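Engineer: The structure follows.
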Amino acid sequence: MISIIGSGKIGSNVAVHLALKGFDDLTLIDVIQGFPQGEAMDIQHMLSAYGIDLEVRGSNDYKDIEGSSLVIVAAGFGRKPGQTRLDLMNSNAGIIKEVCEQVKKHAPDSILLMVTNPLDVMTYIAYRVTGFPRERVFGMSGTLDGSRLRHFVAKELGVSVSSVTPMIIGEHGENMLPLASYTTVGGIPLSKLVDKAKFQELVTKTRGVAAEVIAKKGATIHGPAAAVTVLVDAILNDRKALLNASALLNGEYGYRDIVMDVPVIIGKKGVEKIVELELTQEEKAELQKSYDTLRDAISKLNIELPKRG
């Protein structure tokens, strides 16, 4: 069973994507009485129309996540026009702490996939609160950021998005670091196909497009849901897929006790390996900005986190 905590715009859309894939039975959890039950009914009727046999339940009781192999957390407040992801930190920190305490209690053997922003900090909170090993707690960040970079590169070069393999590391936010030498088009490094000025244009677009979507329609929904679905597919089908995700670093890239977006191998155990890339001095300096921003943010959290050994 897959449980989704938070049945709002993103959580419910994640449920639709996963249901249509037919991965596993779904349980939707939300604090609003009746809301997840209504979403579950609506999705169940959609599946019936398509002839898909899958059980979808809604509940306001965390006890109903018991037995989940995978828990997806999309609870909390979303960005409003003009906000950065980090602006949400102390609004969502307490919510995520409470959610993760419930996950620890009722689904202690699950893999925990985080969606709530600011994603790197919320994933760090989840890691500290649950006590789960780091391979079982990660965030969907880079899979989403990569899909945006992939779109812009494909449009710029006039190729199919399927020809583009993106690579982004660092903060899921203003300091995200797309890598030209590791982003490829048909196996050719992007750095061989565009000059630095053009690449910087692509970086700026990738960093800013979520805010543009939010300004126009109020929220990003379909992109995040698709990114979650890609990760869930890799987990449930043990793909051993090289993807990007927010993972806890333990010496990789020279950092410890911090969550950042990095390339990872995703399989049935979650993050099965963190892949270290050789970076230029300039790229290392840019990655340091992500670390500094996230470390500063964590120091300003308005909640107390349990210690980890």
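The backbone N, Cα and C atoms fix where each Cβ goes, glycine too.
From TrEMBL, here are the annotated features:
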type: DOMAIN; residues: 2-139; note: domain 'Lactate/malate dehydrogenase N-terminal'
type: BINDING; residues: Gly6, Ser7, Gly8, Lys9, Ile10, Gly11, Asp30, Asn92, Val115, Thr116, Asn117; note: NAD(+) binding site
type: BINDING; residues: Arg79, Arg85, Asn117, Arg148; note: substrate binding site
type: DOMAIN; residues: 143-300; note: domain 'Lactate/malate dehydrogenase C-terminal'
type: ACT_SITE; residues: His172; note: active site, proton acceptor
type: COILED; residues: 277-304; note: coiled coil
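I'd like to know what surrounds each of these features in this structure.
Structural biologist: Annotation note: Asp30 (NAD(+) binding site) sits in a coil segment as assigned by DSSP.
DSSP assigns Arg85 (substrate binding site) to coil, not to a helix or a strand. Cβ neighbour count for Arg85 (substrate binding site) (all protein chains, 10 Å cutoff from its Cβ): 24.
Under the DSSP three-state reduction, His172 (active site, proton acceptor) is assigned to coil, being neither helix nor strand. Just so you know, the Cβ of His172 (active site, proton acceptor) picks up 30 other Cβ atoms within 10 Å once every protein chain is counted.
Long-range contacts of the coiled coil (277-304) within the same chain, counting only residues at least 6 positions beyond its ends with a Cβ under 8 Å from a Cβ of the stretch, are 86, 89-90, 93-94, 97, 118, 120-121, 124-125, 167, 169-171, 173-177, 179, 181-182, 253, 255, 258-260, 263.
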Engineer: Distance check, please: Cα of Arg85 (substrate binding site) against Cα of Asn117 (NAD(+) binding site), rounded to an integer number of angstrom.
Structural biologist: 6
Engineer: Do you know the mean pLDDT across the coiled coil (277-304)?
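Structural biologist: Mean pLDDT for the coiled coil (277-304): 94.
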Engineer: If H, G and I count as helix, E and B as strand, and all else as coil, what does DSSP give for Arg79 (substrate binding site)?
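Structural biologist: In the DSSP reduction, Arg79 (substrate binding site) maps to coil.
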Engineer: Based on DSSP, name the secondary structure state of Gly8 (NAD(+) binding site): helix, strand or coil.
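Structural biologist: Once the DSSP labels are grouped into three classes, Gly8 (NAD(+) binding site) ends up as coil.
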